[in-house]
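> Features from TrEMBL:
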DOMAIN    1-91  domain 'Cytochrome oxidase subunit II transmembrane region profile'
TRANSMEM  20-42  transmembrane segment
TRANSMEM  63-87  transmembrane segment
DOMAIN    92-225  domain 'Cytochrome oxidase subunit II copper A binding'
């Protein structure tokens, strides 16, 4: 989860987020190299007192500074396209979760199980436990099994919302009358926090998301207790 003074991306909890972080680092290396080269060339202009009076054209350097940026763009575009297709891939999901955005809370339905559905509201500050996170903790967490392919179907009941969990590399708009789909796999247990990422009204800041990643056995026990309740 994000912390004060943390400028980087959150630690990944899914293979997709790992790939997004790798691509970010790859792009940043390219940007740093370009910035360093251009900055060095510009700085030399200030201190270079020599002039070539016979310079009329420079076809060689013009070819270089046309072809080189094209190669750099290809060097960035190919990993980007690969990642774009990976993010859209759905690999035979074992669990389907339907999430519906409301003003201003989320409701969840576990379509594979009977009568497992609930609403998830932010815990008000005056009711928060000492070890809770203000504006991030909820009364009903979204419990999901780790090392299992998860499919999330996302929609909304009123206005456009956005279901976002940065540690999982997941962000999809919840649009009334439309189902959007995301797929992910969590490779470690833990609590992963997110928030609505589409301005949806007065309490937009107060509809967080908490995904709890547990073992498959713990998840099945939780489903059994939720079905019995």
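First residue shown is number 1, and so on along the chain.
Every residue, even glycine, has its Cβ placed from backbone N, Cα and C.
TrEMBL annotations: computationally assigned, not manually curated.
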> So, by DSSP, how many helix, strand and coil residues make up the domain 'Cytochrome oxidase subunit II copper A binding' (92-225)?
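Tallied per class, the domain 'Cytochrome oxidase subunit II copper A binding' (92-225) gives 19 helix, 62 strand, 53 coil.
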> Where does the mean pLDDT land for the domain 'Cytochrome oxidase subunit II copper A binding' (92-225)?
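The average pLDDT of the model in the domain 'Cytochrome oxidase subunit II copper A binding' (92-225) works out to 91.
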